[in-house]
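What follows is a set of notes on a single structure, which appears directly below.
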Amino acid sequence: THKVEHLKEKLISQAQEVSRLRSELGGTDLEKHRDLLMVENERLRQEMRRCEAELQELRAKPAAPCTGCEHSQESAQLRDRLSQLQLEVAENKGLLSELNLEVQQKTDRLAEVELRLKDCLAEKAQEEERLSRRLRDSHETIASLRAQSPPIKYVIKTVEVESSKTKQALSESQARNQHLQEQVAMQRQVLKEMEQQLQSSHQLTAQLRAQIAMYESELERAHGQMLEEMQSLEEDKNRAIEEAFARAQVEMKAVHENLAGVRTNLLTLQPALRTLTNDYNGLKRQVRGFPLLLQEALKSVKAEIGQAIEEVNSNNQELLRKYRRELQLRKKCHNELVRLKGNIRVIARVRPVTKEDGEGPEATNAVTFDPDDDSIIHLLHKGKPVSFELDKVFSSQASQQDVFQEVQALITSCIDGFNVCIFAYGQTGAGKTYTMEGTPENPGINQRALRLLFSEVQEKASDWEYTITVSAAEIYNEVLRDLLGQEPQEKLEIRLCPDGSGQLYVPGLTEFQVQSVEDINKVFEFGHTNRTTEFTNLNEHSSRSHALLIVTVRGVDCSTGLRTTGKLNLVDLAGSERVGKSGAEGSRLREAQHINKSLSALGDVIAALRSRQGHVPFRNSKLTYLLQDSLSGDSKTLMVVQVSPVEKNTSETLYSLKFAERVRSVELGPGSRRTELGSWSSQEHLEWESACQTPQPSARAHSAPGSGTTSRPGSIRRKLQPSA
Ligand code: ADP
Ligand code: MG
């Protein structure tokens, strides 16, 4: 019975334990929890809907006002932001619904577990009932057994047996209980997790709510700003309208005033207009009559003009006739002049008195000029006045340019293919080199001629192609040397051209092509250094030699191919002074003889040319031979006779001027020529002749010693003619 009692107690405690477990597990608790979640969920959903509705409202509101205002941009930004937020809200909604689903699942599972728990409990109750029934049976049995003692032991035994069975059942139920407990623990775990999840979803919801609140406030702010902006714009607009209105009113007032003024003006103008109209009508009448008047006037004027024109015409005709007659006359005169002058002109240039002339009676001026005639020069020689007439006389005041002006035409004719010779003649110190070379600051004919040629050639460059070459040579003691060559000491020969043209040329004579003034300067400098290195006393040497600058201008007509060649010979002659009987001997005497010979030969050649003699003694000197083709034919020659003005040089001046006049006067009639030539054989000349005993036959012919006749040049010609 103890055992039974014990079992009973145990059963009761078991039942209590089960009921406790049941209450502990609290199916109702879980349910409560689930309901709470569901309620919370529903609330959130509602809140969300409300938010959405508000958003919609807000979105609809600001669409209307101000477009294009500066806040529209901000509004657009805000709108963008809003849509972004909405997107986020949508996302959050998705998340929420997911959570809801999960909660639903969990609730389902919970229900399942509860169901199973119920089943277990029912089973347990059944078992208990069964056990209690068995217990009751056992009690009854025990009681009956007590009544029948003998079989009690057996009954006990069966009870014992049965009680072991019960024990087994108990342990089984305990095991099951254990299992149920485990399941409950598991369920609790699940529940805890679910609670955690719910909590996190709560947090999320809170966050979302906060965000939504933030967006709402932002929206509110944007809306507020927009409203403010619109307000200020509205105010601006109103203000502008008011101002414009005020201005318009003021203007209106002014216009009204103006109108009043104009009205009064109009009133005063009306009488003036009336008088003007009257005037106008009067003028109109006059104008109508005007064309008639004008026509008459025009007619008379036309007639007058016609008459005048006729008169002028007849006058013109008369003048033209006269002009033609004059022109013919002028041409005839010109031809005559050319015939008279020939192509040879002689001019004189007097240098100014210089410091080198010294002082005293010897340095006084002995040369005067005719103020009315620039071809006359007067010389006071040993107290006796002598006058000479040349083609032109340049006084000491004449500049380099003045002299160049005179020779300019001659130089340009070289471009047209004429050969030209310009000689500077005179005693040493009379200004030959000054006239030909000049000074660096004031260049003479040489440089000016080349400059002129360059510019002239340039002007014709469109039709003609020209090359200008320059050679420089000197003749000393009848020897020709190249001043531009590498070997200035080398003697050059004058040869006949092998082409049979009869022209002369100098083999080995250096020719430089020049294109600019710089080129000429280089050539001159080169020639000068050549001469200075060769001769220790250049001044003395150059006064005893002839210096030649030969400029050749070759042209080709671009269109026709026609060729021309012109040669310009610029010659600085040796000093013409004569050496007295006593002072000359040796080399000085030889020099003097050579100079005399060549200058005489030049005089003879020019004389022969000007008197148009059949024979011209070119071969009598190197100079005339070299210049033969530049002196003959239609060549042009200019002799510049340099004259010193001072008293001490009058003898040489006289001699030079006589030479000039002789050369110039050759073309005059035979009688007058003879008389002119008579002056050649002056006392001075004879003095010199006796001093120079020249060995050459031609020179002998020149000197005709002792004869002193007036026909000397004629006799030279007669003697030379057969030899040619
Ligand atoms: P030449 O060559 O005949 O021996 P230069 O030409 O050497 O003579 O002249 C001698 C001097 O007289 C030089 O100093 C020169 O400058 C000067 N002279 C010559 N002619 C003139 C002139 N027209 N004007 C100024 N000075 C002159
Ligand atoms: Mg000189």
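In case you wondered, yes, glycine gets a Cβ from its N, Cα and C as well.
Automatic prediction, not curation, is the source of TrEMBL annotations.
Fair warning: this is a prediction, and the values are worked out from it, not measured in the lab.
Listed features, source TrEMBL:
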BINDING   G426, Q427, T428, G429, A430, G431, K432, T433  ATP binding site
COILED    4-130  coiled coil
COILED    177-243  coiled coil
COILED    298-329  coiled coil
DOMAIN    343-666  domain 'Kinesin motor'
REGION    685-724  region 'Disordered'
(message) Cβ within 8 Å of the ATP site centroid (G426, Q427, T428, G429, A430, G431, K432, T433 excluded): which residues?
(response) R351, A424, Y434, S543, G575, Q642, S644
(message) For a quick check of packing: other C-beta atoms within 10 Å of the C-beta of T428 (ATP binding site), how many?
(response) 18
(request) Give the subset of the binding-site residues Q427, G429, A430, K432 lying near ligand 1, defined as CB under 6 A from any of its atoms. (result) G429, A430, K432
(message) I'd like to know which of these binding-site residues, G426, G431, is least surrounded, judged by other CB atoms within 10 A.
(response) G431
(request) Just the binding-site residues from G426, Q427, G429, K432, T433 whose C-beta lies under 6 Å from any atom of ligand 2, please, or none if there are none. (result) K432, T433
(request) For T433 (ATP binding site), write down the residues of its own chain that are at least 6 apart in sequence and whose Cβ falls under 8 Å from its Cβ; none is a fine answer. (result) A424, G444, S542, D572
(message) Comparing the binding-site residues Q427, G429, A430, K432, which residue's C-beta has the most other C-beta atoms within 10 angstroms in this structure?
(response) K432
